[in-house]
Amino acid sequence: MSDTTISQGWFTSLANPTRFLALSGRLLPYLATAAVLSLLIGLFMSFAAPEDYQQGITVRIMFIHVPAAWLAMMCYSVMAIASIGTLVWRHPLADVAAKTALPIGAAFTFLSLLTGSLWGRPMWGTWWVWDARLTSVFVLFLMYLGLMALHKAMDDPARAARPAAVLTLVGFINIPIIKFSVDWWNTLHQPASVIRLDGPTIHPSMLYPLLVMALAYTLIFFTLHLMAMRNEILRRRVQTMRRQAAQAIGGGA
Amino acid sequence: MMSHEAFVFLSYGASAVTLAGLLAAILLDGRARRRELAELEAQGVRRRSKPAGGAS
């Protein structure tokens, strides 16, 4: 047996919903514990970090605003990868992953917009401006809501899977636009200060709390996503069993 | 005009409420789905793909 066959066999067995439920059930307690611990450490570091010489205490909003914005984009990237899985391999678990990431991504995008607004008011003197960064993130939020509406509009998840996957991949064009909007256009929002070719420009006393909070948010995302995926598998299982029961009654009549 | 502390408090508060709400919604959804499955199984409905006597 070649290495490719072994890895394909392992991947296929993982993609089996029943196997996925068993594996994710074992993994979840560890993931949730790691998420809570990193969040507690991150929060402690965020409030132990020095205040900014210009922004004062409001710089602490950065420790929750930036991870929320990163996760808003990462969640959409996870959905885009899952959508490729739906379109190429037509695997239902890929659609389950894409669909269940939607409300979580919407929540992180909402938080990045809200905390950004609450940071902008004292620092910029305004809650909101229609600059390229803020507008493109707002468009991302609308895309999350639109995709959620698309799934709600169709009773059969199998029918919603392909159009949602196509729409998700088309919408992925917005992710590089969000990332580079601060370089391509003249924005009120500041340019990147962590993920830069020449390295971060933030002092380590603020960079480390930010990175720990980003890790915590990432672990929170994967914990919630695994939980939501398990729920969706059960929802589809219930739907199938109800259909089978109805067919049995119809066949017996 | 609110104090700077109020903006920080509101940001952290809103994040905590949103993430806790999301967690609660997912937990309640899971509980409802497991209850539905248990009810169906109690009615004798079985999944076709489920092996005889095997746990799913």
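For all residues, glycine too, the Cβ spot is worked out from N, Cα and C.
Per TrEMBL, the features are as follows:
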| type | residues | note |
| --- | --- | --- |
| DOMAIN | A:15-189 | domain 'Cytochrome c assembly protein' |
| TRANSMEM | A:27-48 | transmembrane segment |
| TRANSMEM | A:68-89 | transmembrane segment |
| TRANSMEM | A:101-120 | transmembrane segment |
| TRANSMEM | A:132-151 | transmembrane segment |
| TRANSMEM | A:163-182 | transmembrane segment |
| TRANSMEM | A:206-227 | transmembrane segment |
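Remote same-chain partners of the transmembrane segment (A:206-227), defined as residues 6 or more beyond its termini with a Cβ less than 8 Å from a stretch Cβ, comprise 24, 27-28, 31-32, 34-35, 38-39, 41-43, 45-46, 48-50, 52, 59, 62-64, 66-68, 70-71, 74-75, 78, 97, 100-101, 104, 108, 194, 200.
Averaged across the domain 'Cytochrome c assembly protein' (A:15-189), the predicted model reaches a pLDDT of 93.
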